[in-house]
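Q: There's a structure below that I have some questions on.
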Amino acid sequence: MIPCRAVLTFTRCLIRRKIVTLDSLEDSKLCRCLTTMDLIALGVGSTLGAGVYVLAGEVAKADSGPSIVVSFLIAALASVMAGLCYAEFGARVPKTGSAYLYTYVTVGELWAFITGWNLILSYVIGTSSVARAWSGTFDELLNKQIGQFFKTYFKMNYTGLAEYPDFFAVCLVLLLAGLLSFGVKESAWVNKFFTAINILVLLFVMVAGFVKGNVANWKISEEFLKNISASAREPPSENGTSIYGAGGFMPYGFTGTLAGAATCFYAFVGFDCIATTGEEVRNPQKAIPIGIVTSLLVCFMAYFGVSAALTLMMPYYLLDEKSPLPVAFEYVGWGPAKYVVAAGSLCALSTSLLGSMFPLPRILFAMARDGLLFRFLARVSKRQSPVAATMTAGVISAVMAFLFDLKALVDMMSIGTLMAYSLVAACVLILRYQPGLCYEQPKYTPEKDILESCTNATSKSESQVTMLQGQGFSLRTLFNPSALPTRQSASLVSFLVGFLAFLIAGLSILTTYGVQAIARLEAWSLALLALFLVLCAAVILTIWRQPQNQQKVAFMVPFLPFLPAFSILVNIYLMVQLSADTWVRFSIWMVLGFLIYFAYGIRHSLEGNPRDEEEDEDVCPDNVNAAAEEKSAMQANDHHQRNLSLPFILHEKTSEC
C-alpha cells in the first residue's frame with residue numbers, strides 16, 4: 001500500500017507553481033532588441049497568413065454569403081477576448097513561455113506541461129503545413145513541374161505519408177531556422193519586409209474591389225437564385241429555397257453567419273506568438289499588450305476589407321473556393337491582377353511560416369530552462385538566441401514537412417491553441433482574485449530594508465482579513481464577502497473557475513450532440529439546458545461578488561469575470577466541434593508527453609530542486625548566505641500565500657543587449 005505521505009508529496013509536485021522573482025524578471029539570457037512595431041508586425045504576419053486569400057471565398061460561398069463581413073466581426077470580438085487575457089499576462093509576467101508560463105505561475109506544473117506540450121504540437125504542425133503550402137504555391141506558379149518531378153522519381157505509397165517527399169519545404173524550414181538562430185533582430189526585419197508587401201497587396205485588393213464592385217451583389221433576390229439553380233439542374237434545399245440560400249445580405253440566415261464566424265475564428269489564431277517575446281522586447285509591460293491588441297485590430301480590418309471587396313466584385317455563389325481572388329479579378333476583367341495576388345500570397349505564407357516557427361523554440365527554451373524538458377534545449381548562443389531549441393525545432397518541423405501528409409493532423413493544432421486560450425482566460429480569473437503580495441526577495445542585493453517594506457505593505461491587508469482566515473465557507477462569506485481578497489476567497493474562486501469549465505463543457509456537448517432533441521423540445525434536453533445555464537449564471541455571479549486584488553499593472557482585462565468566462569465558452573465550444581479521430585490522435589500525443597514528464601520533467605523541475613543558476617557563481621558568498629537566510633525566513637512565514645499569489649509588475653524594463 002502506498003503511504004499517504006508519498007501520495008501527498010507526489011500531488012504537491014503536480015500542483016507546485018513557478019515562483020517569479022524580481023531578479024529573474026530583470027535578468028535574461030536573450031537579447032532585448034524588439035520594439036512595439038516589431039511585435040505588431042510579428043502578430044500581423046503570423047495571423048494574416050495565406051488564409052486571407054482563400055478563407056473569405058470558402059466561407060462566403062458555403063456559409064455566410066455577403067454577411068461574411070459580420071462573421072469576421074463576430075470572430076474578431078471572440079478573438080479579442082482571448083487576446084486581452086494574453087495582454088494582461090504579458091504585462092504582469094513578461095517572460096518567455098506564453099501560455100505555458102502563465103499556467104505555471106497560476107495553476108501549477110502539470111497543467112503547465114500539458115499546455116506547453118500542446119503548444120509544441122501546434123507550432124510543429126503549423127510550421128510544417130505552412131512550409132508545404134509555400135512549396136505547393138510556388139509549384140503552382142511553375143505549372144506544377146516540381147511536384148511532377150518528385151512524383152515520378154520519389155513517389156511514396158504508404159498510408160499516412162505524403163504523396164512525395166517535399167525537399168523544397170525542408171530547405172525552407174532549415175533556412176528559416178538558420179535565420180532565427182542568427183538573431184531575432186534580423187528575423188524581425190525580414191518579417192517586417194514581407195508583412196509590408198502583404199499589407200500593400202491587400203490594400204490593392206480592397207481598392208480594386210470597391211472600384212470594380214457592385215452593391216447589387218449584396219442584394220441578389222431569392223427568385224433569381226431559384227432560376228439559377230433550376231437552369232443548372234440543381235435540386236432545391238430541404239426548405240424549398242435554392243441551395244445558394246434565400247438571397248440578400250444573409251442568404252443562409254443568421255445561423256449561417258454564426259457558422260461562418262466559427263470558421264473565421266481560426267483566421268485570428270497566431271497573435272499568441274507575441275506573448276513568447278517577453279524577454280526579447282524593450283518595455284514588455286506596455287509593448288506586449290499594445291502589440292496583441294493592435295495586431296488583432298489590423299487583421300480584422302484586413303479580413304473585413306478583403307471579404308467585402310470580394311463579395312462586391314463577384315456574386316457569392318460564383319466564388320471559387322480554392323482561388324477566390326484570382327477568379328474574381330478575371331470576372332471583373334482585371335486578369336493580370338492575379339500575379340499581384342500570387343506575390344501577396346507567397347509573402348503571407350512567408351510571414352505565417354516565420355510566425356509559426358518563431359514561438360516554437362521559445363516554448364522549448366522556457367520548458368527546458370524550468371527543467372521540464374531536456375536541459376540542452378536551454379542553451380543560448382553568443383548572439384543571445386536560443387540556438388539549440390531553434391535548430392531542434394527546425395529539424396523536427398523539416399522531417400514532418402518532408403515525409404508526412406499533414407491534412408489529417410491540422411485539426412490537432414486547434415486543440416492545442418484552444419486549450420491554451422481557455423487556460424489563459426481561466427488563469428486571469430484566478431489571478432485577479434488572489435491576495436496581493438510582494439515578489440519573492442531578489443537573491444543578491446542587501447534586501448533587509450526591502451523585505452521590511454514588503455512586510456509592512458502587506459501587514460495592513462493581513463490584519464484586515466485575519467478574522468476571516470480561520471473561518472470555513474458559509475453563505476455569508478459566499479454572498480457577502482470581505483472588501484479585500486483572502487486565501488479563502490481565492491480558493492473559492494479557483495474552485496468555481498474549474499466548476500465553470502466543467503459546466504461549459506457539458507453545455508457545449510449538449511448543444512452540439514443534442515441540438516435535435518432541443519429543437520424537438522424534448523423534456524430531458526430542455527431540463528439539462530436550463531440546469532447548465534442556471535448553474536453557469538450562478539457561478540459567474542458568485543465569482544463577480546468576490547473581492548478583486550486592487551493592485552494595477554500596465555494593462556488589465558475589463559469586465560471581469562464576464563469577458564474571460566465568455567472566452568472560455570467560445571474556446572471549449574469550438575473544441576467540442578472537433579472530430580473523434582482528432583481527439584484520439586491528441587490522446588496519443590499526450591501519452592507521449594506524460595511519459596517524458598513523469599520519467600524526466602517531474603524529477604528535474606527547478607521548482608522542486610535548488611536553483612543552480614550560472615550567475616550565482618559570481619556573487620559574494622556572504623551576500624548569498626544573507627540572501628538565503630532572508631529567503632528561508634520569508635518562506636517559513638508566508639510559503640502558502642506566496643504559492644497562491646502572483647507577483648504584480650510595477651516597473652518597466654528598458655534594458656537592451
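Including glycine, each Cβ sits where the backbone N, Cα and C put it.
Checked Swiss-Prot, it gives:
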| type | residues | note |
| --- | --- | --- |
| CARBOHYD | Asn157 | N-linked glycosylation site |
| CARBOHYD | Asn227 | N-linked glycosylation site |
| CARBOHYD | Asn239 | N-linked glycosylation site |
| MOD_RES | Ser24 | phosphoserine |
| MOD_RES | Ser463 | phosphoserine |
| MOD_RES | Ser645 | phosphoserine |
| TOPO_DOM | 1-38 | topological domain 'Cytoplasmic' |
| TOPO_DOM | 60-66 | topological domain 'Extracellular' |
| TOPO_DOM | 88-104 | topological domain 'Cytoplasmic' |
| TOPO_DOM | 126-163 | topological domain 'Extracellular' |
| TOPO_DOM | 185-192 | topological domain 'Cytoplasmic' |
| TOPO_DOM | 214-248 | topological domain 'Extracellular' |
| TOPO_DOM | 270-289 | topological domain 'Cytoplasmic' |
| TOPO_DOM | 311-339 | topological domain 'Extracellular' |
| TOPO_DOM | 361-385 | topological domain 'Cytoplasmic' |
| TOPO_DOM | 431-489 | topological domain 'Cytoplasmic' |
| TOPO_DOM | 511-523 | topological domain 'Extracellular' |
| TOPO_DOM | 545-554 | topological domain 'Cytoplasmic' |
| TOPO_DOM | 576-581 | topological domain 'Extracellular' |
| TOPO_DOM | 603-657 | topological domain 'Cytoplasmic' |
| TRANSMEM | 67-87 | transmembrane segment |
| TRANSMEM | 164-184 | transmembrane segment |
| TRANSMEM | 193-213 | transmembrane segment |
| TRANSMEM | 249-269 | transmembrane segment |
| TRANSMEM | 290-310 | transmembrane segment |
| TRANSMEM | 340-360 | transmembrane segment |
| TRANSMEM | 386-406 | transmembrane segment |
| TRANSMEM | 410-430 | transmembrane segment |
| TRANSMEM | 490-510 | transmembrane segment |
| TRANSMEM | 524-544 | transmembrane segment |
| TRANSMEM | 555-575 | transmembrane segment |
| TRANSMEM | 582-602 | transmembrane segment |
Q: Cα distance, Asn157 (N-linked glycosylation site) to Asn227 (N-linked glycosylation site), nearest Å?
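A: Taking the Cα atoms only, Asn227 (N-linked glycosylation site) lies 46 Å from Asn157 (N-linked glycosylation site).
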Q: Any idea what the model's mean pLDDT is for the topological domain 'Extracellular' (126-163)?
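A: That region's mean pLDDT is 83.
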Q: Give residue numbers and ranges for long-range contacts of the transmembrane segment (582-602): same chain, 6 or more residues beyond its ends, CB-CB under 8 A.
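A: Sequence-distant neighbours of the transmembrane segment (582-602): 13-14, 109-110, 113-114, 117-118, 121, 367, 371-374, 408-409, 411-412, 414-415, 608.
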Q: Pairs of Cβ atoms less than 8 Å apart decide it: which stretch in 193-213, 290-310, 524-544, 555-575 has the most with the transmembrane segment (410-430)?
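A: Between the stretches 193-213, 290-310, 524-544, 555-575, 555-575 has the largest tally.
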Q: What is the total of other Cβ atoms whose distance to the Cβ of Asn227 (N-linked glycosylation site) is within 10 Å?
A: 12
Q: For the topological domain 'Extracellular' (511-523), give me same-chain residues lying six or more residues beyond its boundaries with a C-beta closer than 8 angstroms to one of its C-beta atoms, as numbers and ranges.
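A: For the topological domain 'Extracellular' (511-523), the far contacts come to 529, 573, 576-577.
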Q: With helix taken as DSSP H, G or I, strand as E or B and everything else coil, how many residues of the topological domain 'Extracellular' (576-581) land in each class?
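A: Counting residues per DSSP class in the topological domain 'Extracellular' (576-581), I get 3 helix, 0 strand, 3 coil.
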Q: Among 164-184, 290-310, 386-406, which stretch has the most Cβ pairs under 8 Å to the transmembrane segment (249-269)?
A: 290-310
Q: For Asn157 (N-linked glycosylation site), just count the other CB atoms lying within 10 A of its CB, please.
A: 6
Q: Find the member of 164-184, 290-310, 340-360, 490-510, 524-544 that has more C-beta pairs under 8 Å to the transmembrane segment (555-575) than any other listed stretch.
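A: Of the candidates 164-184, 290-310, 340-360, 490-510, 524-544, 490-510 scores highest.
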Q: By DSSP, how many residues in the topological domain 'Cytoplasmic' (185-192) are helix, how many strand, and how many coil?
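A: Its residues fall into 8 helix, 0 strand, 0 coil.
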Q: May I ask for the residues of the chain that lie six or more residues beyond the topological domain 'Cytoplasmic' (185-192) and have a Cβ under 8 Å from a Cβ within it?
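A: Distal contacts: 31, 33-34, 37-38, 41-42, 45, 179, 351, 354-355, 358.
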Q: If you count every Cβ pair below 8 Å, which range out of 164-184, 193-213, 340-360, 490-510, 524-544 shares the most with the transmembrane segment (290-310)?
A: 193-213
Q: Quick one: DSSP breakdown of the topological domain 'Extracellular' (311-339) into helix, strand and coil?
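A: Result for the topological domain 'Extracellular' (311-339), in helix, strand, coil order: 17 helix, 0 strand, 12 coil.
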Q: I'm a bit unsure how to read this: which one of 193-213, 340-360, 490-510, 524-544 has the highest number of Cβ pairs shorter than 8 Å with the transmembrane segment (164-184)?
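A: The stretch with the most close Cβ contacts to the transmembrane segment (164-184) is 340-360.
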Q: Please report, as numbers and ranges, the same-chain residues at least 6 past the borders of the transmembrane segment (524-544) whose CB is under 8 Å from any CB of it.
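A: Counting only partners 6 or more residues beyond its ends, the transmembrane segment (524-544) has Cβ contacts under 8 Å with 429, 433, 478-479, 492-493, 496-497, 499-500, 503-504, 506-507, 510-511, 514, 517-518, 560-562, 565.
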